[in-house]
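Annotated features in Swiss-Prot:
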| type | residues | note |
| --- | --- | --- |
| ACT_SITE | His117 | active site, pros-phosphohistidine intermediate |
| BINDING | Lys11, Phe59, Arg87, Thr93, Arg104, Asn114 | ATP binding site |
Amino acid sequence: MAIERTLSIIKPDGLEKGVIGKIISRFEEKGLKPVAIRLQHLSQAQAEGFYAVHKARPFFKDLVQFMISGPVVLMVLEGENAVLANRDIMGATNPAQAAEGTIRKDFATSIDKNTVHGSDSLENAKIEIAYFFRETEIHSYPYQK
């Protein structure tokens, strides 16, 4: 069993819609356990730093403004093949292209307000988790077989 960790963010639109619990339940139902979780209002510097890889892209400024428009839920999810599992549960970045039953299909309204973020690789998951969480803030618990 390949136990991994990945970063998940419930974006401001998810909080506005009141679907935090529904989103976390979807992760848990698929075997991803939140091992660190925090509600936080990102500063502009935090959002710019986190999304620095997109700095040259035309949507960067709007993305940063959206991410600082309200609080977010930052989570570390742990489970078997967590990175891929999280991405499957979230669905395609564009909710219009997302599969039925995915978070983005059910809760997102546009590619800009797509409700959740998830790490796209194990390498990036490690970087993204370290950006928001110290190792002492992340906890594990036993897995049921």
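Cβ coordinates are placed from backbone N, Cα and C, and glycine is handled just like the others.
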Packing count at Arg104 (ATP binding site) (other Cβ atoms within 10 Å of its Cβ): 24
Recorded ATP site residues Lys11, Phe59, Arg87, Thr93, Arg104, Asn114, farthest C-alpha pair in Å: 21
CB contacts for the residue listed as 'active site, pros-phosphohistidine intermediate' [other CB atoms within 10 A, all chains]: 20
Rounded to the nearest Å - Cα separation of His117 (active site, pros-phosphohistidine intermediate) and Lys11 (ATP binding site): 7
Which of Thr93, Asn114, all binding-site residues, has a Cβ with the fewest other Cβ atoms inside 10 Å: Thr93
Listed binding-site residues (Lys11, Arg87), ranked by Cβ neighbours within 10 Å, top entry: Lys11
Under 8 Å by Cβ from Phe59 (ATP binding site), same chain, sequence gap 6 or more: Asp112
